[in-house]
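What TrEMBL annotates here:
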COMPBIAS  450-475  compositional bias 'Basic and acidic residues'
REGION    450-562  region 'Disordered'
COMPBIAS  493-505  compositional bias 'Acidic residues'
COMPBIAS  537-562  compositional bias 'Basic and acidic residues'
DOMAIN    570-648  domain 'RRM'
REGION    721-791  region 'Disordered'
COMPBIAS  761-770  compositional bias 'Polar residues'
Amino acid sequence: EIWLDWLKDEIKMASESSEREKVYELFERAVKDYICPEIWLEYAQYSIGGIGQEGGIEKVRSIFERALTAVGLHVTKGTALWEAYREFENAILETAQPAPGSVPSPEQQQMLCTQLEKIHTLFRRQLGIPLLDMEASYAEYEEWSEEPIPEAVIKNYKKALQQLEKYKPYEEALLSAETPKLAEYQAYIDFEMKAGDPARIQLIYERALAENCLVPDLWARYNQYLDRQLKVKELVLSAHDRAVRNCPWTVGLWIRYLLAMERHRVDHGIISEMFEKALNAGFIQATDYVEIWQAYLDYLRRRVDFTQDSSKELEELRSAFARAVEYLKQEVEERFSESGDPSCTIMQNWARVEVAGEGGKAFACCRVTLLWSFGSSLLWFPCCRAHGDTQHCRKALHRAVQCTSDYPEHVCEVLLTLERIEGTLEDWDAAVQKTETRLARVSEQRAKAAEKEAALAKQEEEKAEQRKQARAEKKASKKAKKTRTGDKRKADDDDEGEWGQEEGAEQPSKRHKGDGDGDGVLLEDMEVETGLFGRSGPEKPDHPANQKEKASTSRKDVPKVLHDSSKDSVTVFVSNLSYNMADPEGKLKELFESCGEVAEIRPVFSNKGAFRGYCYVEFKEEKSALQALGLDRKVVEGRPMFVSPCVDKNKNPNFKVFRYSTTLEKHKLFISGLPFSCTKEELEDVCKAHGNVKDIRLVTNRAGKPKVGISNAVLISRNPSKSSFSLDTKRKRGKGRTQLSMVPRALQRQSNPVAKAENGMVQNSPATSSEPPEEPKKMSNADFAKMLLKK
């Protein structure tokens with residue numbers, strides 16, 4: 001806007017040809033400063049006013065062609081330039097027409113054909129570019145042209161229409177967004193970068209900068225693209241000059257400008273003048289002056305030929321180092337009241353450069369040796385070597401930048417230090433590009449990790465809120481239906497062991513054989529499968545009051561899944577399921593659909609929302625429920641599923657699904673007192689010497705760890721008649737408690753004055769005696785069984 005106002009004022013005052021030339025010069029400055037459609041259109045229209053001068057027509061055409069090259073691809077404003085150019089050529093065509101009634105000469109006929117072809121060419125060029133309102137341009141061409149439009153032009157036009165659809169969302173976003181529109185422009189730039197058309201990338205950058213000329217980061221990204229991709233000297237240097245003129249307070253833009261001038265071999269005097277301008281730019285931090293001095297010193301160092309003992313360039317470098325130290329000490333400290341170079345970076349680099357020039361051996365005092373393993377940390381060891389291979393060190397550092405996973409910033413810094421002291425400008429550019437790419441990737445990985453962690457935390461919060469809400473709903477439901485009791489199946493006893501979840505199963509408590517007739521021999525009331533494999537072994541009976549308290553607490557945690565006792569005939573109770581079953585309802589529906597149509601599946605969950613391993617399955621017909629009982633003991637996710645009839649224990653207290661044999665199972669042994677560290681393999685190695693072992697099952701809790709208190713195991717022999725285990729009851733002094741022993745505790749503790757039940761048997765207390773107890777004889781399995789069954 002400032003340029004247009006200035007130009008319009010100058011146009012009003014320019015009346016003579018000499019003044020018109022000054023306006024042309026001002027236009028040239030303006031179009032170089034900003035690639036803007038409005039300025040180019042104003043420039044072209046102003047040039048038409050000088051068409052009467054010598055070469056005026058060609059000058060206008062030249063300006064229009066430059067304008068189309070600069071902004072002819074502008075999706076929303078490019079059409080105006082194309083139309084203005086066509087109108088100019090149509091005006092030329094009108095002046096070339098012969099007078100009415102006259103016959104044109106061959107020269108006039110040739111000029112007419114040439115002019116018509118120019119207009120045809122402009123139409124065809126425009127229709128191949130995605131521009132807004134290009135349908136109207138196509139209709140205008142159809143109307144203007146006396147010949148059919150060629151197929152190639154129609155094909156390019158349709159292709160441009162398709163491309164236009166891709167650009168429309170970005171243009172609409174810019175149209176609706178509020179200033180400064182940085183996010184919308186960045187999205188547009190990313191889109192063009194993926195497409196890879198340099199002219200379009202340059203144009204979208206220029207459009208963004210026209211509205212955000214005071215944003216240093218935007219200038220930095222644009223200049224970086226020009227430096228690494230286009231590499232056109234005039235274009236690159238012009239962009240850098242505009243950047244430092246718009247944002248002179250940004251030291252990074254000045255450093256890139258100095259590098260660009262060195263890269264394009266600008267005269268040394270001009271680079272020095274630009275450095276002096278940078279010192280007077282007025283940076284906002286003391287460290288900025290250290291960076292600009294370091295960039296200039298790096299440039300001077302790269303001009304030195306260290307193979308010569310003395311040179312003009314070397315003396316200039318030393319003088320610049322001395323000036324830099326003095327400048328930072330006086331000027332910067334006086335302006336900012338702090339040291340500009342607290343870590344003495346300039347002094348350190350000066351020392352390294354001096355050492356590097358000593359005999360031509362570069363980086364001698366600060367050579368580093370790199371040790372690494374794949375993906376591990378980098379270990380750096382200073383090695384004071386008088387002779388070093390710079391190229392080898394450079395290759396190692398480039399590999400280190402690529403492969404290290406921790407502290408990549410440190411490795412990048414070391415590589416840049418090496419190239420600052422020894423490398424050429426090409427080496428420096430390669431190192432900068434590699435470190436920037438690597439650090440950008442690291443930042444992206446860290447951001448993704450942080451997002452993932454935040455998402456997991458959010459999920460946990462949502463789950464906690466859901467559980468809290470579920471508990472509140474259950475609590476409200478309990479209060480509302482407090483009077484409806486007795487319909488729920490009590491399954492508290494089944495929640496104790498991993499496999500001990502069978503319906504109706506009771507806690508393994510010790511009782512007298514028979515119906516309390518005092519026979520004097522204690523046996524474990526163990527389930528056939530559940531007690532053997534799902535319990536933690538014999539437990540000491542609690543006090544009745546404690547048992548009531550435990551039962552009350554257990555029932556309190558069980559969710560109230562209501563059950564209609566009138567539907568017992570069509571319902572089965574399923575237990576001993578895995579606590580980790582993800583979708584109990586869906587899994588069981590698949591299993592029980594083979595028995596008949598399933599009406600409902602009601603899994604039972606704890607107050608915390610965890611599945612408790614049992615549920616009710618209700619069928620449409622009674623015969624389906626009876627058939628479902630045949631799935632009892634079917635293995636589901638590595639566990640035998642227990643299926644039993646649904647019976648209210650309040651109404652049928654004596655009902656039990658399974659009756660357990662009180663006779664001896666000769667092929668099984670129950671072993672307790674094992675250490676927590678004992679594994680199935682270790683126990684099998686000990687037992688297989690006494691017989692053929694069919695299976696060993698260690699009792700664990702839900703987490704797969706040994707039960708708290710005592711570890712237990714069930715040993716099953718393939719051939720009971722051949723499994724004779726020698727039970728050594730001699731108590732050896734010094735034997736560790738954690739060592740595996742096959743001797744029951746009851747036989748080890750003969751001298752205990754109090755009778756103690758272990759492994760389902762009761763010992764008679766021997767008479768107290770000061771003499772050592774008699775060593776019992778070794779017993780076989782058969783002798784051990786007789787002792788258990790003896791009344």
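Here the Cβ of each residue, glycine as well, is placed from N, Cα and C on the backbone.
Just so you know, TrEMBL annotations are computer predictions that nobody has curated.
Look at the compositional bias 'Basic and acidic residues' (450-475): DSSP puts its residues at 26 helix, 0 strand, 0 coil. Counting residues per DSSP class in helix, strand and coil order gives 20 helix, 32 strand, 27 coil for the domain 'RRM' (570-648). When pLDDT is averaged over the domain 'RRM' (570-648), the result is 90.
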